[in-house]
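Asker: Following this message is one structure expressed as structure tokens.
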Amino acid sequence: MIISSSTDYRRAAQKRLPPFLFHYIDGGAYAEHTLRRNVDDLAEVALRQRVLKDMSQLDTSIDLFGEKLSMPVALSPVGLTGMYARRGEVQAARAADARGIPFTMSSVSVCPIEEVAPRLSRPMWFQLYVLKDRGFMRNALERAQAAGCSTLVFTVDMPVPGARYRDAHSGMSGPNAALRRYAQAVMHPRWAWDVGLLGRPHDLGNISRYLGKPTGLEDYMGYLGANFDPSISWKDLEWIREFWKGPMLIKGILDPDDARDAVRFGADGIIVSNHGGRQLDGVLSSARALPAIADAVKGQIKILADSGIRSGLDVVRMIALGADAAMLGRAYIYALAAAGQSGVDHLLGLIEKEIRVAMTLTSVSSISQITSELLVREP
């Protein structure tokens, strides 16, 4: 199979993965309108092509929170990454590390923080949910700091889990889910051998270490379902801001007023995100929400964006809409599932090449030159 894009990796991942895992990463909330709009709205962003400029010297690098990135891209936190490839968090993190960009470790990962961090040459980022179990939150923060994680990504758009219809149909949840997952694994022997057997343990590493006992997929659903906290407010985040010594990003911002609140709170950055269309169907796509947020807080706080990004061209579009950098989620999981670390490395190489092509054809030689001036203004 010829692989030349994240779309190709998606097809390859679908062939390799049991349906419950493919649809868990591929699906969204409710009827998935926002999931589709994330991609479609970004694809509708037209850029101004400029020609006959000397573009022989391009620089895709940026400085972000004191770190030098080879391109304006970071890997988003994705729960259960270690179910998509053998010790998947390690493989994805190594690929990001080799390409000179940050990997964000999910707090609900398969591999624990301590398994991943020592294998990298640069600090990784760490993501945390708002949970009723404040003991777990504090334990995770302490371990992340001890492991040298540089930046905290605090996800605030999951006070309750989204309604994901696909999960019930695919076997991730619903009646006889465990039996259905087992039957699917038998029908996908390459995954069953490489990940199902050789990728053990399939604990949720960070939660298991806190609870002192193994936590599998059923425990994952039960623990999170019981611990999401709908009472959370900005006040509840104050102890985290005081405890965490490094940069702190608030993930899940879609409204300019929330972005202004993040500035007042003292966050170092925000991530414009609708959780990849996995939480509330019918909200704005990140591409549509971003310009108003940038108008409200640009220059006061760093702005990152995810949801719908599938190519280097999409990265350039997001930056032109107002972001300082973009984050990849599904795209790298498709590559990881299809080809492990080498797949993620290859995808990131494609992303960087696509960024360079877009910069050349819009006549910008550095990321700082990608502004709203690149956007085609409709009459």
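Think of each number as a place in line: the chain as shown, counted from 1.
Just so it is clear, glycine is given a Cβ too, placed from its N, Cα and C backbone atoms.
Copying in the features that Swiss-Prot gives for the protein in this structure:
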| type | residues | note |
| --- | --- | --- |
| ACT_SITE | HIS275 | active site, proton acceptor |
| BINDING | TYR24, TYR129, ARG164, ARG278 | substrate binding site |
| BINDING | SER106, GLN127, THR155, LYS251, 306-330 | FMN binding site |
| DOMAIN | 1-379 | domain 'FMN hydroxy acid dehydrogenase' |
Asker: Based on the record's binding annotation for substrate (TYR24, TYR129, ARG164, ARG278), what whole-number value in Å is the widest Cα to Cα distance?
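Answerer: Those residues reach a largest Cα separation of 19 Å.
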Asker: Using Cα coordinates, what distance in whole Å links TYR24 (substrate binding site) and ALA326 (FMN binding site)?
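Answerer: About 22 Å separate the Cα atoms of these two residues.
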Asker: Near the Cβ of ARG164 (substrate binding site), how many other Cβ atoms are there if near means within 10 Å?
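Answerer: The answer is 22.
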Asker: Taking only the Cα atoms, work out how far ASP314 (FMN binding site) lies from ARG164 (substrate binding site), in Å, as a whole number.
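Answerer: Counting only the Cα atoms, the answer is 26 Å.
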Asker: Cβ distance under 8 Å to SER106 (FMN binding site), same chain, sequence separation 6 or more: which residues?
Answerer: PRO77, VAL78, GLY79, LEU80, THR81, GLU89, GLN127
Asker: What does DSSP assign ARG278 (substrate binding site), in three states?
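Answerer: Once the DSSP labels are grouped into three classes, ARG278 (substrate binding site) ends up as coil.
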Asker: Whole-number Å distance between the CA of ARG330 (FMN binding site) and the CA of HIS275 (active site, proton acceptor)?
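Answerer: The Cα atom of ARG330 (FMN binding site) is 11 Å away from the Cα atom of HIS275 (active site, proton acceptor).
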Asker: Across all the protein chains here, work out how many other Cβ atoms are within 10 Å of the Cβ of ASP306 (FMN binding site).
Answerer: 26
Asker: Cα within 10 Å of ASP306 (FMN binding site): which of the recorded positions TYR129, ARG164, HIS275, ARG278 qualify?
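Answerer: The recorded positions passing the 10 Å Cα test are HIS275.
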